[in-house]
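Questions regarding the structure given below will be posed in turn.
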Amino acid sequence: MAVMILSSPLSSTAYISYARSTHVELKTQTKSIVSNKETEILSLCSLEQTTLTYLGNQYQATAAMGCDAKKPSIVSVGQVGDSSSGGLSSVQEPLIKQKHSPENYCVLAAIPPFLFPALGAFLFGYEIGATSCATLSIQSPTLSGISWYNLSSVDVGIITSCSHYGALIGSIVAFNVADIIGLRKELITAALLYLVGAIVTATAPVFPVLIIGRVVYGIGLGLTMHAAPMYIAETAPSQIRGRMISLKEFSTVFGMVGGYGIGSLWITVVSGWRYMYATVIPIPIIMGIGMCWLPASPRWLLLRSIQGKGDVERLQQAAIKSLRRLRGSAAVDSAAEQVNEILAELSSVGEDKDATIGELFQGKCLKALTIAGGLVLFQQITGQPSVLYYAPSILQTAGFSAATDATRISILLGLLKLVMTGVAIIVIDKLGRRPLLLGGVSSMVMSLFLLGSYYIFYDNVPAVAVAALLLYVGCYQLSFGPISWLMMSEIFPLKLRGRGISIAVLVNFGTNAFVTFAFSPMKELLGAGVMFCGFGVICVLSLFFIYFIVPETKGLTLEEIEAKCL
């Protein structure tokens, strides 16, 4: 403040008056400065209180479980911002966009959580291969070893398809099972059903008992194809999740080839069909023991904890212990932090609320159901069963000596499927889901139109049909084969994942049964050429579906997929 310099002396009275006025002015200005500072402080306090209130809401579920408040937050607190633009401010969005703590893991620790569920997929493939040989053995008057070998075509069809109808039953049963008992116990139950079904089938004294055994085996199949991809998806590190779930498809194809191979060994033996089904009995025993040894899915444990379905502290500690076992020694120090991140992310996307059946058909769950259901639907109606059915005749026209033996032809195609599935496993986490789907299905379109053209125009050029057949089988295993199951297992929100996958598996097996049933009438009505061209048109439609609907999930955690892709 400027101070006036007096040019002449003042009287004492005037001096006192001047001093008082100066004091009042100084006091007024000081109050004004203090008031302005108080306003600024109050504004900062309000900002801090807003931020703390938001953080408190985000961590409410975690705090209730006794989480350490000093653990790293997954919520951005960089700035509050305003919402005048109509979008969320930065503090309103969970830090799903930011970089997560690295998912450290040991390779040896990551193998068992894939291996034992994948044994269930192996049993699925083995059933397909072995049954194709068993139906030949069981109808042989000299080699069947039974008195009721004279089966009608309907009886043979029932033997072939009843495991699929059992799988439909298993898919329906699985609708709520995973949410109640967990994926681990569901897979243990599936292993038990596999074991009982295989024993009953192998020892069946009469035809009805054989069918019962096949249906029981099929129920185990339905539970497995529901729980195995889910368990692998929820326990695998995000860096290799695509590869692990695709290895499950590799296990299915490997089981199919194994079934054909074992079948070819026993097909010339009396009662060989019994040995075909009995050979696999040790596998469900190993699967069941392995699943008893593995921990429960940490995400299932955390979902139950934030929904209040058990002792939250015990469930959280069990999840940390489970994650340490699933990741090995590399995650001993980071497991608690990862659990904390998963907890807060589950809360931020609304997983702390109980799910209702109606939610399956609303919002993000409806979108997930559209993606998963559409993929498995197109997987079945783009002609895979029909193309494989025609494989023996196509190879015969090409002059392959192995074409005289249906079993050897099946082994040949099974090996091709195995190799191409292996290629998909190698590249799926590098290239992504969408490029493989778009590239593979585009090649399937070409192969189907080539097959249709062969039966309509070029029936004297078998090389066209053989090339189209091999192209179709190979590209199917690069695209729809593994990726449909992969996307199904990772796209659903956690609280509805069990029910959503149950519906998708039901669509898969139901459509498979329908296509198998409708194949012969369609062939008789339309002819093979028109039928394959029709499958080609459906493949084109599936390309539009993939391009406009199916998202890319490569490298994302399951919580990031829910937040960003749905």
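Note that Cβ sites are derived from N, Cα and C of the backbone, with glycine treated the same way.
Okay, these came from TrEMBL:
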DOMAIN    113-554  domain 'Major facilitator superfamily (MFS) profile'
TRANSMEM  105-126  transmembrane segment
TRANSMEM  146-175  transmembrane segment
TRANSMEM  187-209  transmembrane segment
TRANSMEM  215-233  transmembrane segment
TRANSMEM  245-269  transmembrane segment
TRANSMEM  275-296  transmembrane segment
TRANSMEM  409-428  transmembrane segment
TRANSMEM  435-457  transmembrane segment
TRANSMEM  463-488  transmembrane segment
TRANSMEM  500-519  transmembrane segment
TRANSMEM  525-550  transmembrane segment
I'd like to know the mean pLDDT over the domain 'Major facilitator superfamily (MFS) profile' (113-554).
85
Out of 215-233, 409-428, 525-550, which stretch touches the transmembrane segment (245-269) the most, going by CB pairs under 8 Å?
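Against the transmembrane segment (245-269), the leading stretch is 409-428.
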Report, as numbers and ranges, every residue of the chain located at least six residues beyond the transmembrane segment (215-233) whose Cβ falls under 8 Å of a Cβ in that stretch; write 'none' if there are none.
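For the transmembrane segment (215-233), the sequence-distant neighbours (Cβ-Cβ under 8 Å, at least 6 residues beyond its ends) are 113-114, 117-118, 120-121, 123-124, 127, 162-174, 177-178, 183-184, 186-187, 189-194, 196-198, 200-201, 241, 244-245, 248, 284, 297, 485-486, 488-490, 497-498, 501-502, 505, 508-509, 558.
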Using a Cβ distance cut-off of under 8 Å, indicate which of 275-296, 409-428, 500-519 has the most pairs with the transmembrane segment (146-175).
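If we count Cβ pairs closer than 8 Å to the transmembrane segment (146-175), 500-519 scores highest.
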